[in-house]
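Peer 1: Straight from TrEMBL, here's the annotation block:
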SITE      40  site 'Important for autoinhibition of adenylyltransferase activity'
DOMAIN    91-234  domain 'Fido'
ACT_SITE  176  active site
BINDING   180, 181, 182, 183, 184, 185, 186, 187, 212, 213  ATP binding site
């Protein structure tokens, strides 16, 4: 299905309540959480993600406990954002910190904790990022505030929503506002912005993460979002491309040759 049809189908649902939204995202939430987590943590599996989302626990897990926390945090953040989305709450510094707190509870290592870093709080130290990206800690609050102000009152015309969502994610990653968890927050923010503008969310697939990283790097070098927008459209089509299962009747499966076998 082309992305234009996907958007039209989403808008035709006329989602008005948390129940409506949760139902519309029933096939999406686990896949998004799995891929968004697995991009940076290869220990995260689809099976474990599904176990946490559906049963609230993982049975016979022997890996790093941080992995379980990250999955559980994705579930908690998903549930917490539903009302915000239905209410069309704008992107603010407070919302960004709320998302970060949900996504990183229990995942900050001892080194970061000793340095004063906390979930839901902008970084207090500088951290090395590829190609020298990342705002100094003292500049982060101002840069995030300016980014949020840029996201206000974007008219839904042409490619505006696509470009604004891409810019939000790319610019947020460029600022690198937190000591950890920036990628997970950025992907959540991008989809949050899409949904408050009545666009369906998308999955950034782990299997295409190099293309994803390349599109982010292109923005860092040029300030252009077009490659990222193109990548987003591909992801949206993959996310919502539900192929119908071919219908087969019992008659098509039976051996009706007339010969009987002894059994």
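Note that the numbers count up from 1, one per residue, in the order the chain is shown.
Note that Cβ sites are derived from N, Cα and C of the backbone, with glycine treated the same way.
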Peer 1: Translate the DSSP assignment of residue 184 (ATP binding site) into the three-state scheme.
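Peer 2: The residue in question, residue 184 (ATP binding site), is helix (DSSP, three-state).
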Peer 1: Work out, from DSSP, the number of helix, strand and coil residues along the domain 'Fido' (91-234).
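Peer 2: Across the domain 'Fido' (91-234), DSSP assigns the residues as follows: 91 helix, 0 strand, 53 coil.
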Peer 1: Near residue 186 (ATP binding site), which residues of its chain come within a Cβ-Cβ distance under 8 Å, counting only those 6 or more away in sequence?
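Peer 2: The answer is 169, 172, 173.
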Peer 1: Give the residue from the recorded positions 40, 180, 182, 212 that has the most other Cβ atoms within 10 Å of its Cβ, counting over every protein chain displayed.
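Peer 2: Comparing the recorded positions 40, 180, 182, 212, the most crowded Cβ belongs to 182.
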Peer 1: Could you work out which of the recorded positions (176, 184) has its C-beta surrounded by the smallest number of other C-beta atoms within 10 A?
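Peer 2: Selected from the recorded positions 176, 184 on minimum Cβ neighbours within 10 Å: 176.
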Peer 1: How big is the ATP site in terms of the longest C-alpha to C-alpha distance among 180, 181, 182, 183, 184, 185, 186, 187, 212, 213, in angstrom?
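Peer 2: Value for the max Cα separation, rounded to a whole number: 19 Å.
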Peer 1: Rounded to an integer, what is the Cα-Cα distance in Å between residue 40 (site 'Important for autoinhibition of adenylyltransferase activity') and residue 212 (ATP binding site)?
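Peer 2: Spelling it out, the Cα of residue 40 (site 'Important for autoinhibition of adenylyltransferase activity') and the Cα of residue 212 (ATP binding site) are 12 Å apart.
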Peer 1: What is the separation, in Å, between the Cα atoms of residue 184 (ATP binding site) and residue 176 (active site)?
Peer 2: 12
Peer 1: Roughly how many angstrom lie between the C-alpha atoms of residue 212 (ATP binding site) and the residue listed as 'active site'?
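Peer 2: Computed Cα spacing between residue 212 (ATP binding site) and the residue listed as 'active site' is 17 Å.
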